[in-house]
Amino acid sequence: MPEMPEVENVRATLQELVPGKKIDQVIVRVPKMIVSTPPDEFVHMLVGQEIEGVRRRGKFLLFDLTNCTILSHLRMEGKFRLMDEKEEVSKHTHIIFHFEDHTELRFLDVRKFGTMEVTNKYGEGETRSIKKLGPEPLTQAFTSTDFATGVKKTSRAIKTALLDQKLVAGVGNIYADEICFEAKVRPERAANSLSDKEIKRIFEATKSIMTEAVALGGSTVRTYVNSQGKLGQYQDKLKVYGKTDEPCVVCGKPIEKIKLNGRGTHFCPNCQK
């Protein structure tokens, strides 16, 4: 699933491509991907709207239109591509926004897990999925004090806590593993067992890793590309995720993989305590 760095890069490329484009037709080929509103109403609400800009909150994309906002989640493999209307439509294209300039913004999703819904313009706080999100890790709202308070309140594994979007928005499986490694903390450690120094290291690792991942275009581990079709580069920086049995870059011991709350989890048994 694309995490914050990947979604931020999708947002940035979309922001270069679609503002100012006016929707004159919407085609929904997979109705279940439209949530909270019947698909025909979704289409009716969007025709005639102009895209003013693209924002992000956590792993959500928000397309601000003339009178409303489209809230979209890529889920596992969703992608947006801007294409000429004459280009062949692939079988994995499930939603099409056709513009007056004869281009189309197409939403492709091999697994059909992605979702879209229409909300009040700038009213994302009124939607349950957005309202519950915690602070963005690269903003001033993400403070060491609040983070430490949240961590100390739970006995869940620290990796599980990092994946809780109410604690910090946008961290997923890849970056949670990398954060724990950088902080030298075992991912299965109970969050409330961590010392203040360990919590501080996790906080700092979250900021530094997410900053670099955004700068490098995210991680292309499976099929991720941004909206211009470009691969990410941070996968070349990964130290534990996907490195099972490979030598640790610090100590040389083999990286181990376990299941933690149903998620594949990678760590160095020597460096992380």
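Even glycines carry a Cβ here, placed using N, Cα and C.
Per Swiss-Prot, these features apply:
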- Pro2: active site, schiff-base intermediate with DNA (ACT_SITE)
- Glu3: active site, proton donor (ACT_SITE)
- Lys59: active site, proton donor (ACT_SITE)
- His92, Arg111: DNA binding site (BINDING)
- 239-273: zinc finger (ZN_FING)
- Arg263: active site, proton donor (ACT_SITE)
Counting every protein chain shown, other Cβ atoms within 10 Å of the Cβ of Lys59 (active site, proton donor) number 23
Among Pro2, Glu3, Arg263, i.e. the active-site residues, the one with its Cα nearest that of Arg111 (DNA binding site) is Pro2
List, in sequence order, those recorded positions among Lys59, His92, Arg263 whose Cα sits within 10 Å of the Cα of Glu3 (active site, proton donor). Lys59
When a 10 Å sphere is centred on the Cβ of Pro2 (active site, schiff-base intermediate with DNA), how many other Cβ atoms does it contain? 29
Counting other Cβ atoms within 10 Å of each Cβ, which of the recorded positions His92, Arg111, Arg263 scores lowest? Arg111
May I ask which of the active-site residues Pro2, Lys59, Arg263 is closest to His92 (DNA binding site) if we compare their C-alpha atoms? Pro2
Please report the number of other Cβ atoms within 10 Å of the Cβ of Glu3 (active site, proton donor). 22
May I ask for the distance between Pro2 (active site, schiff-base intermediate with DNA) and Arg263 (active site, proton donor), taken between their Cα atoms and rounded to an integer number of Å? 15
